[in-house]
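Per Swiss-Prot, NAD(+) binding site is recorded for S13, G14, N15, I16, S163, I164, G165, P166, G167, T168, R169, A170, N171, N274. The annotation active site, acyl-thioester intermediate is assigned in Swiss-Prot to C132 on the grounds of sequence analysis.
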Amino acid sequence: MATKKIRCALIGSGNIGTDLIYKLKRSAVLEPVWMVGIDAASEGLQRARDLGLKTTAEGVDGLLPHVKADGIQIAFDATSAYVHPENSRKLNALGVLMVDLTPAAVGPLCVPPVNLREHAAKLEMNVNMISCAGQATIPIVYAVSRVQPVDYAEIVASLASKSIGPGTRANLDEFTYTTSDALVRVGGARRGKALAVINPAEPPMIMRNTINCLTDDEPQQARIIDSVLSMIEEVQQYVPGYKLVNGPVFDGRRVSVFMQVAGLGDYLPTYAGNLDIMTAAACRTAEMFAEEILAGTLQLTPVKEAA
């Protein structure tokens, strides 16, 4: 007998939404059923249809009448920070759990190897995946801050222009605020700053991340190295292309780590590791919730609107 899977909807038919189809198709506990877009001619919707998903070009409102009939329990929002709160409200009201891949940060911020278990233990109906830069760098900042206090963390993510769609470009300010905030709230630094560089080079460059942490005291080098290497292994469990290029390098109280992220090449080529780390983290997060739902330990409940 086939294992029961939790049925999912994907909102947003751009780079991230389309890549997610492939990730969910491989999942043992998730099944992509619907793809929601706003442009009937979009490549993402066409590809979703070719892969056997139901589609609508009428936005979330086109999905709502089908949620109950098709048993949708988890939705992934890969649209924009501007429309996410409304999408979330409409679907939460029907008892659908939202995994938010926009920088809206309506719900708690989630980085799987750092705090996923904590979120699965609480009944949360919206979790936010921060940003691709956040998913790539916060594990490293946390790996340092769990050894000793970090006064300041600064990250620079260099992303291939071809991998950045119109949705991400429209959200660059939110991307910066949400990622900077998450370096503190999830990464454990006292202060944080995130910068994104969109690189137009041809052929496209692989995603690269530079992480700098300023510790309060002299860095405990051996412990930091062990902590960082073990964290990298944890991330590699769901993003195999997550790789240490150099570091940790110590210079006074500064700890620097240089990472690169290659994608699996599901939808965009492997240089778009920023897509992969985002979709893989979202998939890993949804799987954790799906396992709890299937085990009967998590009951999704419709969210009533505040009066």
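We count from 1, first residue shown onward.
Cβ coordinates come from backbone N, Cα and C, glycine included.
Long-range Cβ proximity for N15 (NAD(+) binding site), meaning a same-chain Cβ under 8 A and a gap of 6 or more residues, is found for S163, G165, Y267, L268, A272, L275. The NAD(+)-binding residues named in the record, S13, G14, N15, I16, S163, I164, G165, P166, G167, T168, R169, A170, N171, N274, extend over a maximum Cα to Cα distance of 17 Å. The Cβ of N171 (NAD(+) binding site) lies under 8 Å from the Cβ of S80, A81, Y82, T102, P103, each of these being in the same chain and 6 or more residues away along the sequence. The DSSP secondary structure for S163 (NAD(+) binding site) is helix. The secondary structure of C132 (active site, acyl-thioester intermediate), as reduced to three states from DSSP, is helical. Taking CA atoms as the reference points, S13 (NAD(+) binding site) and C132 (active site, acyl-thioester intermediate) are 17 Å apart. According to DSSP, S13 (NAD(+) binding site) is assigned to coil rather than to any helix or strand.
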